[in-house]
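J.: Before anything else, here's the structure in question.
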Amino acid sequence: MPRRLPLALLPLHTKAMPRLSSTTPMSPLRLRARHSSSTSHSSRSWEPHTAFAAATERARSGNLTPEDAHHLFDELLRQANPVQERPLNNLLAALARAPASAACSDGLALAVNLFSRISQGARCVAHPTACTYGILMECCCRAHRLDLAFAFFGRLLRTGLKAGVIQVCTLLKGLCHAKRTDEALNVLLHRMTELGCTPDVVAYNTVIHGFFKEGQVGKACSLFHEMAQHGVAPNLMTYTSVIDALCKAKAMDKAEYFLRQMVDNGVVPDNVTYNSLIHGYSSSGHWKEPVRVSKEMTSRRVTADVHTYNMFMTFLCKHGRSKEAAGIFDTMAMKGLKPDNVSYAILLHGYATEGCLVDMINLFNSMERNCILPDCCIFNILINAYAKSGKLDKAMLIFNEMQKQGVSPDAVTYLPVIDAFCKKGRLDDAMIMFNQMIDMGVRPDTAVYTSLIQGFCTHGDLVKAKELVTEMMNKGIPPPDIKFFHSIMQNLCTEGRVIEARDILGLIAHIGMRPNVCTFNILIGGYCLVRKMEDASKIFDDMMSYGLEPSNITYGILINGYCKNLRIDDGLILFKEMLRKGVKPTTFNYNVILDGLFLAGRTVAAKEKFHEMAESGADVCIDTYCIVLGGLCRNNCYSEAIMLFQKLSATNVKFDITVVNIIIGAFYRVQRNQEAKDLFVAIPANGLVPNSVTYTIMMRNLIKEGSIEEADDLFLSMEKSGCTADSYMLNLIVRMLLEKGELVKAGNYMSKVDAKSYSLEAKTVSLLISLFSGKGKYREHIGLLPTKYRFREEAATV
């Protein structure tokens, strides 16, 4: 059989369309059997209309092969009767619009090839019209061959046929689809008039939509106004396109303006128009506005569709309101709308995100009852939810059920399962899933590999981690970056596994990465955390020998380690070295030194360093004030702390509640109780909110001075303000009241301990035993305690 060229290889002829060779002719008997079964046996004539009609039906059903189509045209070329335009156009249109099938994989190319044969013959066997050329131009545009579309348009003009708006609109669509909307605008405003075509609303809509797709909102809106000036009235599609684009740009005020204009001009919005507004408001984080738009829809008798309800559900689920989304889901069903797979996916994902796994699986089971077949996306949501919650057995049950139902897993399916196995240390199971994935033809992506690499690094198998990294690189998948390995190292260091973190350096070098300052900072911090300062210092030296200069963060980490381990002199030496090397200290560096000096009780040196910091130009932040004021108080310099606070307050320095707490405590320590109370009362005026530490300081000192009722009132006001008493506060209050002999009140606060599911601290229990034991001074008043604590009565009688 002679070779036929695919569409992509057709040459650009302007005088003659490309010709494709014919195939082996089909016998007249076979043609009649296939295309003209209704023709009488006595008639040997061939009817093009009947044959083309039969072929068109086969093309629409996806059963017409290229061979049969060419046999049909072979016969046409032999016959004296030409085919009429309508049968020809119907067949070409059917081929152009038919989806790929086993019979014909490329109907677009076949349509062009068939037309090429009849257009190049010596004898006229067809009379193509402008409609015929329009169909072929659409074929070329859909096949992304705009050049061929223009070639067909040129042939149309040369044949003397008049190009209509439909054919020009086909070219406009092709240009806009190719992101050549500026060229489409030129055709619309200039070329169409030259061709004797008057641009209609469809032509304007095409170009306006093209500009919006390219993100050129200004040009689209300008063309919208220009079309009205040319006497072309915008229709529903025009307004909806403009409103949708403005909503996507979150220009909701402008979208509302066009909606009002639309209604004023007598164009009735449909559900697509309103859906655009609902989506725009929802994406912008507004909730009341979509509800208002929905009510407007109802008032205009526009029926909400499944997509409308899906958008409401999406918004609710994104904001952790899956229960309300479930109400929307039920309402949709009650109104006769059938939720689709997207509806189920939205609500399932909402339940999964909020940890409502029982609701999730119940909804999933309802899909079968409602004859909705779950797709891969649905199964992925369930598997991901169970895997992330540590319920791997259930995740695997869903995974197996998915395959039983004939749904093929993809990389998204495997990822959460592999990741969960890795986090649990079940690396053999993770590799089994990984190998199964490859066997099933699913290509592992970067996320799958990084999960496995992180798992093997975390659990100490760096050899396997190296193999996986090498495998990634051999497959052309970019390996994890340095930040990924830093994350693993940081996690290991936080757990005290610094040696394992240090081994990651070898892996980094293996894949050709160069450790940077951050890499060494992590290791230095890790050794400081486990109090191995000599090793931290060695890493610091290794870093410099590696050719990297320590940053102020590096110095800060090591100095902080020295200070926290009470080696302040070593920290000061390193601080001086930093200055000598020209590394400018930051606020963090000074804060570390100040905290270390105060911790070591070297108050004078700390104050000098604080003044040095202020003069150096480094920012003095809230943390600095907390360190200085707190350090002064820890070293019994309460009056100095109060003076500094008052001096800074006079210069309008803004403090946080931590600083205020320190000074309230300082006032009480120097017996300036009323000033402490005044400062507490002034907290809201300073734009601050008391926290549990603030109330603990106040309660301690009120009880200490005997103001029990005032303390009770303060506790009640604290609860009303929404501040929750913690275990430390309640235990402290109980002990202080017991020591004051306020047994009934102490019992009340013990009940509060139980109500909050806290436990009595060892100090509190020890005090109770000493007070209510056989020799305790309150042994005969044990009945004043809550029932739960009267078990000590037996001990009291011993």
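Cβ from N, Cα, C; glycine included.
A quick note: this is a predicted structure, and the numbers were derived from the prediction, not measured.
OK, TrEMBL features for this one:
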- 36-45: compositional bias 'Low complexity' (COMPBIAS)
- 16-50: region 'Disordered' (REGION)
- 129-163: repeat 'PPR' (REPEAT)
- 164-199: repeat 'PPR' (REPEAT)
- 200-234: repeat 'PPR' (REPEAT)
- 235-269: repeat 'PPR' (REPEAT)
- 270-304: repeat 'PPR' (REPEAT)
- 305-339: repeat 'PPR' (REPEAT)
- 340-374: repeat 'PPR' (REPEAT)
- 375-409: repeat 'PPR' (REPEAT)
- 410-444: repeat 'PPR' (REPEAT)
- 445-479: repeat 'PPR' (REPEAT)
- 516-550: repeat 'PPR' (REPEAT)
- 551-585: repeat 'PPR' (REPEAT)
J.: By a Cβ-Cβ criterion of under 8 Å, what residues six or more beyond either terminus of the repeat 'PPR' (164-199) are in contact with it?
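T.: Sequence-remote neighbours of the repeat 'PPR' (164-199) are 130-131, 133-134, 137-138, 140-141, 144, 146, 149-150, 153, 156-157, 206-207, 209-211, 213-214, 216, 219, 223, 227, 230, 232.
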J.: Pull the DSSP breakdown for the repeat 'PPR' (551-585) and write it out as helix, strand, coil residue counts.
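T.: Summed by class, the stretch gives 26 helix, 0 strand, 9 coil.
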J.: Average the pLDDT scores across the repeat 'PPR' (340-374) and report the rounded value.
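T.: Mean pLDDT across the repeat 'PPR' (340-374) comes out at 93.
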